[in-house]
């Protein structure tokens, strides 16, 4: 491993207690950047979430955690990963000092933002909880924006890793009573942060480990993670013992307690056993390093990651022995104390907010402006459905016979069965995995509009029902075989049942909206739904008749079809917003924002259909070509190749036969590539991003309110 940003620490100046024999201690040359990141995270927690008491976390007077555990972190990435690490430490402290159920909620809220999807279930909507949840989401959004600005690919890998960590680790099994080390160790590896650390280090070092090596990575690093987990248990024993006592538990989720039970020994005896095991596992990991250092069958980045873990082992030891987190009598250094008390020196905290993407295209893109027609979402992800109080039309009241006989009550079980039949197609599509973009848009927009959580939840439910209803109809009308990797609903329940349920669900959503909105707001929603159907009609007309729309017609269709659910959500939130919000000032800006967002989303979706391997798994290879759908790339190519007889005929043949062969699709794709239509599409998307950033900036200025969550959503839509 090449060393650019760190230096070896003289061994005579620190202690390791023999727990990292054979491994140097290295320290970053840029450790003040860690100080900035950690202190900034702590300040933001206090500001946006609430007081967190005495400072504790990543910093140390001589050895701060990231500086010695990831000493080769690229300098420009050191502050942001230190911020992330401090945020994780604070979250860990919260889940350690609350009850099990509350800790699960804390973890679920963390995972929700990492996955950009809404977590279903009951949520405490008291002001205190609302502020905490909104504060965490704000911090996480800002954090991801900073990471995306530096390295989008690594940032997205990191987010996935962190979501997995919060899902399966992060104190999820603190109620489990482990009494055998062999059963405890797999849990400890996850809880100590294997996936969190993977995301942090790969981002910090700029590593890209191939997916097919991830399982190998886990196998090769197992000994290191066991060693680090046991190290942490030695130093966190007093903290975790006290937390268990505080909550009246008769066990501690810590190797020291487990060893005490398994070997019938006291704390000192368990400590000795634990230290011996650490030495053994460190030695085993050094053997792995020796065996793999020249193995070219393993990617270079994986070998770098294996090497980096060596310094995580030694750095964890020297930091733990001197840090205030585990050593209450130790203080911070002079600079750290000064920054904590007086605030950080002036420095741009988030350059992404001032940066616009550069457009570099060989061909001038037609820039889709945002002042044409009204704007719906066609294919945003869906969350799980929640029941509403809207009547289904099935009465539980007594029924009179024509002869005026005694009242007969409808059998309740039969009514439940009928409702289950009616809603089964909806429940099927609502159960599919979702990216949660629609809910994320609503949450981000609400950072500006500040609608109470109860009302926001109802708006999300109604928009979710409308969205899933549109998907039921779209898949049937397009004859799509797959939806998110599963058979489309009409291929499970039949076309007639699917259409019937979709129609019912649209009416149900309108009923939900009527329950919490005034008549004028309901009328706006009805108008948007009518516009949505108009856009779908044009899309179907072009497909059926083989008519090639112009780019302007294509943009208008997107505004009518894909922008409308964004528009509906915006309208409902704006009408429910506090009277202090200057509606007249921001309404036109929000109108442009939703239209641009709809265009960005639809053009990106059509583009991904042609090029994305993940999309192929979810929907099939170039499914839009099977359906005869028009994308911007295809429209651009056709208008450049109006006399290409083979191309025109293969498209006509595909429509006639209800789909194309693999070879026919590849033929069309080759022409799209030759005509640089994919490059053109990318340039249009880049221009849309510029316009969206400008629109977000205008609204931020009008409301005097930065919105990192909205900017994060925009970054996640970048190709």
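Any Cβ shown, glycine's included, is placed from N, Cα and C.
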According to Swiss-Prot, which candidate in 467, 547 joins 435, 438, 484 at the isopentenyl diphosphate site: 467
Longest CA-CA distance among 435, 438, 467, 484, per record bound to isopentenyl diphosphate, angstrom: 16
Coarse DSSP state, helix versus strand versus coil, of residue 92 (Mg(2+) 2 binding site): helix
DSSP-derived class (H/G/I helix, E/B strand, else coil) of residue 435 (isopentenyl diphosphate binding site): coil
Distance [Cα-Cα, Å, rounded] between residue 467 (isopentenyl diphosphate binding site) and residue 562 (dimethylallyl diphosphate binding site): 10
Among 435, 438, 629, the most crowded of the binding-site residues [Cβ within 10 Å]: 438
Neighbours of residue 629 (dimethylallyl diphosphate binding site) among the binding-site residues 474, 478, 484 (Cα to Cα, within 10 Å): 478
